[in-house]
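A.B. asks: Relevant sequence annotations retrieved from TrEMBL are reproduced here:
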DOMAIN    12-399  domain 'Major facilitator superfamily (MFS) profile'
TRANSMEM  12-32  transmembrane segment
TRANSMEM  52-73  transmembrane segment
TRANSMEM  80-99  transmembrane segment
TRANSMEM  105-132  transmembrane segment
TRANSMEM  139-163  transmembrane segment
TRANSMEM  169-192  transmembrane segment
TRANSMEM  223-246  transmembrane segment
TRANSMEM  258-280  transmembrane segment
TRANSMEM  287-307  transmembrane segment
TRANSMEM  313-334  transmembrane segment
TRANSMEM  341-364  transmembrane segment
TRANSMEM  376-395  transmembrane segment
Amino acid sequence: MSTSEFTQNWRVLLASFIGIAVGVSSIYFYSIGIFMKPLAAEFGWTRADSSLGALIGTLCAAAMVIPTGWLVDRFGSVKVCLVSLALLSGSFFALGAFTQDLSTYLILIGLMSMITAGSTPLPFTRLVVVAFRANRGKALGIILTGTGVGAMLLPDLLAPYIAEHGWRAGYYALGVVVAVCIPVIGVLLMGARDTEVNTDKSEPSSTSNSSPVASSFLSNGRFYHLCAIFLLTALAVLGTVAHFFSMLTDSGLTPPQAGAVASLIGISVIVGRLIVGFLLDRFSAAYITAGLFLVASVGFLTLGLGGPQYAKLGAVITGLAIGAEVDLIAFLIGRLFARQIYGIVYGVIYAVFLVGGAVGPYVAGRMFDASGSYSSWLIVASCLLLVSSALSLFLPVSKATEELNASVKEDKVTA
């Protein structure tokens, strides 16, 4: 391990951090709950109707993440992410200008999600996997805190802005933010390495007979193991995040007050990703994953049974869980699968993750409409996280971690 990795690749880190912060997974997802009640108030939608945007959008994104993974492997991360961010900016302007009813809203959300899949963490995490080896966990943790910044700032800044200027102006503001960041990211990524020949014997190679994905990752049990874990966690965590702002306002908080509490999610995402990134470079990812999801399960159960007085605790627990999820997806794929197929494997698993993130908010909305509260949903989410925690204990990564650490130590001795 050496700080030279950070010295040489600081541009990649900064660009990826900014790109993830203003990408569709951050700036759109964490604003869903803020737009939910203003849209419902203007058009007379139910809570389930308002949640359809998250369902349709996330399913469309899931359908496009796999082709996007192929595009990243084929044409490189830089081109894909810059084009996608430009399309994301335009999509926000379209949402503000052309939304007239539920149908047009869902069509616009679906189109936006399909054409902006390249602004998810996929291309940015690939850049880090290529650039970092000994410090990969920490580097991934750093760039993925970008979503935490979005989750922290959006409720505090966007909620009061929408309350004063309206939801259409809110979408225009998001479009401007993304547009301003695109040239900055482009300059920082000039000359960045997009591909790399894998010479690390401790990690899978696409041509190695010992690789579990040498023939096809679809025939590898580890792939389905990861899919099951992240499907369950996405259902629980993302389903809760989409409704968290509404949970707070339903409990009697004003939008600015709810925004202040919801911003704790962003702070927790940042802290969680930095801590997880640090731990992943030192300990078994299986135990780290299981422990985090167990804590999240207990937190959701407490929020469901205890009520709004535990809202701040719920925000912190939710943020920590989100902080772990995408970080762990990127780290585990980089550790268990060949880097030459990182894009497509990430695309498939992230698509599964997004399906969970699409279904979760809709189910939560339906359960709210049926019962008038989110308590039953939070109990269900807690159970899903408990199962995910148990599955994580059997992740086959301990041996791979030991081999990589031994290889890194050997490199330090010979350097």
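Using N, Cα and C of the backbone, Cβ positions are placed for all residues, glycine too.
A TrEMBL annotation is a machine prediction, not a hand-curated record.
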A.B. asks: Who are the long-range neighbours of the transmembrane segment (80-99) in its own chain, taking Cβ under 8 Å and residues 6 or more past its ends?
C.D. replies: 19, 22-24, 27-28, 39, 68, 71-72, 105, 108-109, 111-112, 115-119, 123-124, 167-172, 174-176, 178-179, 181-182, 185-186, 189
A.B. asks: Average the pLDDT scores across the domain 'Major facilitator superfamily (MFS) profile' (12-399) and report the rounded value.
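C.D. replies: That region's mean pLDDT is 83.
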A.B. asks: Are there three or more C-beta pairs under 8 angstroms joining the transmembrane segment (258-280) and the transmembrane segment (376-395), sequence spacing 6 or more?
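C.D. replies: These two segments do not touch.
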A.B. asks: Between the transmembrane segment (105-132) and the transmembrane segment (223-246), are there at least three Cβ pairs closer than 8 Å, leaving out pairs fewer than 6 positions apart?
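C.D. replies: Answer no, regions not in contact.
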A.B. asks: So, taking each listed stretch (12-32, 139-163, 258-280, 287-307, 341-364) in turn and counting its Cβ pairs to the transmembrane segment (169-192) that are under 8 angstroms, which one gives the highest count?
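C.D. replies: Going through each listed stretch, the top one turns out to be 12-32.
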